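So that you can see what the record holds, here are the features copied from TrEMBL:
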DOMAIN    53-126  domain 'PA'
TRANSMEM  153-172  transmembrane segment
TRANSMEM  198-222  transmembrane segment
TRANSMEM  228-250  transmembrane segment
TRANSMEM  271-288  transmembrane segment
TRANSMEM  294-311  transmembrane segment
TRANSMEM  323-343  transmembrane segment
TRANSMEM  384-404  transmembrane segment
TRANSMEM  416-439  transmembrane segment
TRANSMEM  445-462  transmembrane segment
């Protein structure tokens with residue numbers, strides 16, 4: 001079976017004519033569609049969705065001559081419908097499906113004489129076509145080739161590298177403030193109260209990975225309930241993260257520091273307004289999250305803030321913990337992408353199913369950076385209008401970059417570890433996109449990011465003869481965190 005995605009281009013009879021594209025599924029072994037709209041032939045659409053066209057008596061004689069006919073799915077096969085449509089003079093057969101789109105699987109060898117194009121289209125799209133374009137519609141079918149590279153990947157690349165670099169830098173700034181506080185006993189307790197960092201030990205790293213595995217499996221089986229839990233958690237966490245990121249910027253501005261007294265505390269007025277703004281941003285995203293035209297921008301802003309705050313807050317105490325975390329999550333990523341297709345009933349990977357929303361669920365997990373595809377194709381129209389990068393592909397290597405930055409601060413090594421690891425992350429992202437373009441299928445980005453960052457950091461430490469110190473972390477780093 002060679003089921004492929006194509007485009008139905010519909011045009012009304014207005015001046016100028018309204019046009020709209022719809023997703024179709026066709027079998028390229030049955031029909032070869034033109035690769036561009038310029039080479040396609042338009043046909044007048046005859047809507048017979050009140051019938052299934054399983055016998056000739058369902059359509060009046062002469063009604064279908066030289067037209068494109070759309071009928072409903074029924075008990076007869078696709079090719080049996082095609083034979084009847086072709087005998088009645090139709091030049092194109094569209095089969096409307098209410099359940100959704102599935103491959104066209106009839107045995108073509110039994111129907112060698114069928115020559116008209118056959119395509120499956122959603123019934124809801126036929127209804128939308130009539131509402132949008134009217135009753136007099138001209139349609140054609142074509143299937144443009146998949147683009148080798150989509151420019152949205154450049155935007156994804158810039159967002160990812162910017163977030164990792166800024167998160168690592170922010171963690172280094174926090175580390176420098178800690179060092180200054182340790183040198184001044186009067187500031188030590190104040191600094192301890194302000195710090196809200198969490199340190200990962202090897203044991204908590206293993207526990208974290210186990211929780212990730214359990215959560216992914218639960219999402220696969222109970223997606224339609226748990227997706228709303230994840231959305232709620234994301235709204236809360238991203239609002240807090242956006243507040244922390246913007247509060248750090250506002251704290252550098254000397255003006256506008258008027259305060260009010262509340263609950264025995266002096267609170268800056270501007271921080272109250274900032275908190276309201278961050279909560280409003282999360283609520284607006286939650287309400288309009290399925291609005292594809294602009295909601296992705298708000299999701300990416302909240303997502304970047306979430307990743308930045310996570311990288312800054314969660315500290316790796318040494319390179320050993322980084323190796324354990326990145327290594328285990330690499331195995332986790334590869335297993336749930338490449339191994340689980342051999343386990344699941346439908347042969348799809350659990351990771352891909354959960355990311356896409358299993359069983360056709362319209363709600364998507366808000367744990368990705370997404371950018372609209374800039375190159376138009378059938379795949380863009382049918383099922384993947386966005387290029388995606390998971391938060392984990394930013395946060396996990398970002399924790400190593402942050403450790404490198406803190407180690408630079410502790411050892412006064414002129415940011416060599418931080419810069420090298422950030423460049424390695426960028427190289428890993430480029431490698432991911434190259435493999436994605438060559439294989440034309442989703443890739444576990446950690447498969448390329450983890451080796452690039454870990455090997456580069458190890459080589460820098462080995463070359464500088466600091467591997468033992470880099471592996472174990474500084475005594476200050478271990479002793480300072482509660």
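Along the chain as shown, the residues are counted starting at 1.
Each Cβ is built from the backbone N, Cα and C atoms, and glycine gets one as well.
Annotations in TrEMBL come from automatic prediction, not curation.
In the domain 'PA' (53-126), helix, strand and coil residues by DSSP number 21 helix, 16 strand, 37 coil.
Long-range contacts of the transmembrane segment (294-311) within the same chain: residues 159, 162-164, 166-168, 170-171, 234, 237-242, 244-245, 281-282, 284-285, 288, 366-372, 386, 391, 394-395, 398-399, 401-402, each at least 6 residues beyond the stretch ends and with a Cβ under 8 Å from a Cβ of the stretch.
Within the chain carrying the transmembrane segment (153-172), a Cβ under 8 angstroms from the stretch's Cβ atoms is held by residues 248, 300, 304, 307-308, 310-312, 315, 369, 371, 387-389, 393-394, 397-398, 401-402, 404-406, 408-409, 418, 421-422, 425-426, 429-430, 433, 436, all 6 or more beyond its ends.
For the domain 'PA' (53-126), the mean pLDDT of the prediction comes to 82.
If one looks beyond the transmembrane segment (323-343) by at least 6 residues along the same chain, the residues whose Cβ comes under 8 Å of a Cβ in the stretch are 200, 202, 205-206, 208-209, 212-213, 216, 316, 349-352, 392, 396-397, 399-400, 442-447, 450, 453-454.
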